[in-house]
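Novice: Annotations per Swiss-Prot:
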BINDING   Cys7, Cys10, Cys47, Cys48  Zn(2+) binding site
Amino acid sequence: MMVPVRCFTCGNVVGEHWEEFKARTREAEEPEDPEKVLDELGVERHCCRRMLVSHKDLVDIVSPYQ
């Protein structure tokens, strides 16, 4: 649904990186490597990285049913 604000495992804030991560890896004409983007954003822990890499934004799909 919506990107989590904090990592489920360690509690670090990850939501602040979502918009830039999405823009650079999914919506760009030439998408960048997610590993490089996360390194540049300063997301170091693997638990926090998986929160951004594995997120699927379903808000637009689910919202008509609410």
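Positions of Cβ are set from backbone N, Cα and C atoms, glycine also.
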Novice: Enumerate the residues of the same chain, Cys7, Cys10, Cys47, Cys48 excluded, that satisfy the criterion Cβ within 8 A of the mean position of the Cβ atoms of the recorded Zn(2+) site; list them in sequence order.
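Specialist: Residues close to the Zn(2+) site, other than Cys7, Cys10, Cys47, Cys48: Phe8, Thr9, Gly11, Asn12, Val14, Arg45, His46, Arg49, Arg50, Met51.
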Novice: Just to confirm: which same-chain residues, 6+ apart in sequence, have a Cβ under 8 Å from the Cβ of Cys47 (Zn(2+) binding site)?
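Specialist: Same-chain residues close to Cys47 (Zn(2+) binding site) (Cβ under 8 Å, separated by 6 or more) are Cys7, Phe8, Thr9, Cys10.
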Novice: Of these binding-site residues, Cys10, Cys48, which scores lowest on Cβ atoms within 10 Å?
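Specialist: Looking at the binding-site residues Cys10, Cys48, the Cβ with the fewest others within 10 Å is that of Cys10.
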Novice: Specify the count of other C-beta atoms within 10 Å of the C-beta of Cys7 (Zn(2+) binding site).
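Specialist: Around the Cβ of Cys7 (Zn(2+) binding site), 19 other Cβ atoms lie within 10 Å.
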